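Written below as structure tokens is the structure these notes are about.
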């Protein structure tokens, strides 16, 4: 039998609690418990606790027999401690009995067992086949067990447990896994994992395979709550309540919780597993009520609700008591009622019918502890409540009549009179010294409330409520103040506006000067928060005018100005219609397709209060940059037409289309793009462009062109047809290139003279046929060029001259182009020569140059030869010879100097060059040597200037600078020698 019992009770009015003495009430009852066979302390502790005044004392029963406290059993306050428990001797059904002077209560039965967890069956589980978007529930089916267990699931054998979220939920009541909406990533094997929280034993089920059905995809549908809590649940003080709620649906539903009485959820509440579990710890009377779980998605919502009941009862004397006790079980349970632990004695006033107890005209002797016992062959459960019967005279101390009430003229007022009295008091009203009677405007209602309608100024004054019962009389007085009503004198008016404009909705009032009106604006039923809205602003000083700035389409709707005072509220409404660019067209379909056209049809979208004037079509291909406008028939599609033919499309190209609507306000958002389509194939109609050629090796004719883009190839098996013939002949030679990416063709024949002229054209074809050819152009065959590096700054270039023929124009010269590697040919230096050779000088050392030659006749320059790479030699040494010494003897000059060592980026020294001359303007003589000394034979009687340079493959190195050797007399030359050191003249 399900361990659940619900106690219903009638409304308990007119209560008071002047005496805190009361009978025992269980705050903690023993519950079915499962203990491990072996624990560290080898003890079993069964809880039982009751509150009462005076403090209750306790006894225990096991299997219906009272327990004698001995070595095995001990009382710890009200709790029962079992030492060295044994499964056979100490297993059974336990009950706790709590007693004080007010009565006795018996706890529910608690079955004590010992924990175990068996293994799952090894039988393979059936495959679950489900559509994408559909919901699925995977059953766990736990094996036999005792003790608290925890459920988890493993996906595809991964080491971590499956994470729960808004889409996946594991119920700790059933162990089942619920997937609200299946996705492709959910395909795999699922294993249920069960863990015994007492023994820590864990067992795994066989995997449940989940596969996707490919026949269809599940559409959207509203939430279906698959996991929900009980409709009614009895909760004791201090216990913890967990409510589970999970819904299946597409889109995945969101779960929210609320109380139906409008009160906020308890602050101590915990919401886990993406809102699927609501937990209320330490349950208190104020936590009782009806709780709702709301599952919602874009297709709708569903609600599950249940009532949490906290039971206790204070009843007024002479009132009628009715309690209902309800339990579920198989077989159906039977009910018995106990008072103070003993069977309830029935009499005329006391009626028991099934689980319902009714006591009429209760008196003080009916006070005590009541219990409902529900039992069947599987066991019994209890629910307890205390009945306190109270008696008192009317008392207004906690609920006096409202001291001052403001009401507008012409309105209606309700004056409540709710004294605390037991039994219930009779109520009358008086104004001044005169008691009031019912009339057309004055009504005393059944609960004692006074209602006055159509109020005038003369109704103002003091009103007194008088309450009487057999124990006494009491009264309470309040004052009624009548005010002038508030009226809206300038209400907002409905208006049309265009997106981007700003408008003002007025709201002006008049009324009682002593009242301060408060203005509030509502948009489509929701209060406007001016602190969070950039588009709304309250203006107007004492008025409540609303300005809507930079209006957008979303601002269309109903606006309500509501004016509040302490006595009344008035409102006025207006509608704002916003005109804007049209919404996106819908339902775009591509119909008949040819090689250059496509028929489109669509449905209109929202016109946003301004009729559509025209539609335009846009297309996108894999080759286009974004969306491009395309031509249509008709050229301009009117707003009343929902179809058009797109023209001038390229054959054999994938297209997507979309439609854009326009109106007098502007251009709207585009429709969703169509599915991708491909136009039919056709013969290509575009010829290659920029056909040219020239260059190559000797005996080659090189032909080049710009390849046709893929979007213009018009079909499969696209290629090129290259045709050429010597200038002045009539027969074309053709070759076919089957590659759509080809852009160059080279014809080789060693008999072709250099720079021979050919007529050339390039055509196209595909599997649909042959297309057009390019214009005929003249292309020259190759010429051959040779180079030789002379030094770091000089290159010699030579080539074979062009053979003159009778049909060719006379060659008048050649142009040699030279540029550094990495630069463009357009930046080249040019040297013009008439012979088939040229010397290029002034170049950089260790630099790669590209050299090309082209012939020139009276018609201009021909094509350039293929560029030849050539690298200049390393620069000569930059360091000049140093430590130069000279010795003049007779007519001989002896010279010596230090060896020059080249740097790593310079040419090695191969020798030295000595330059000498008489005076500054004399003729220079040059002598070379591979040594670092030299003897010069010179005439006497003249000054000499001498320079020394290092020699290298890169050219002459830096000069030592002029060395002046002065003239000497003949006598001096005959009889003496002179050693002179270096004199360097810098000029």
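Cβ atoms are placed via backbone N, Cα and C, with glycine included.
TrEMBL: automatically predicted annotations, no manual curation.
The domain 'Ig-like' annotation in TrEMBL covers 30-113 (among others). Residue counts of the domain 'Ig-like' (30-113) by helix, strand and coil are 4 helix, 46 strand, 34 coil (DSSP-based).
Residues annotated as domain 'Ig-like' in TrEMBL: 118-204 (among others).
Here the domain 'Ig-like' (223-304) returns a mean pLDDT of 86 for the predicted model. According to TrEMBL, the domain 'Ig-like' annotation covers 223-304 (among others).
Residues or ranges marked as domain 'Ig-like' in TrEMBL: 325-388 (among others).
As annotated by TrEMBL, domain 'Ig-like' applies to 394-481 (among others).
Residues or ranges marked as domain 'Ig-like' by TrEMBL: 485-571 (among others).
Summarising the annotation, TrEMBL assigns domain 'Fibronectin type-III' to 584-682 (among others).
TrEMBL lists 781-875 (among others) with the feature domain 'Fibronectin type-III'.
Same-chain neighbours of the region 'Disordered' (858-883): 693-697, 755, 779-780, 782-787, 789, 791-795, 799, 809-810, 812, 815, 817, 821, 825, 843-852, 897-898, 900-903, 905-907, 909, 912, 932, 948-961, 982, counting only residues six or more beyond its ends whose CB sits under 8 Å from a CB of the stretch. For 858-883, the entry in TrEMBL reads region 'Disordered'.
Positions annotated as domain 'Fibronectin type-III' by TrEMBL: 876-970 (among others). Broken down by DSSP into helix, strand and coil, the domain 'Fibronectin type-III' (876-970) contains 1 helix, 47 strand, 47 coil.
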Against the domain 'Ig-like' (223-304), which of these stretches has the most C-beta pairs under 8 Å: 30-113, 118-204, 325-388, 394-481, 485-571? 118-204
Take the domain 'Ig-like' (485-571) and count its residues per DSSP category (helix H/G/I, strand E/B, coil), listing them in that order. 3 helix, 41 strand, 43 coil
The domain 'Ig-like' (485-571) vs the domain 'Fibronectin type-III' (584-682): three or more C-beta pairs under 8 Å (separation of 6 or more)? yes
Just give the helix, strand and coil counts over the domain 'Ig-like' (118-204), going by DSSP. 3 helix, 34 strand, 50 coil
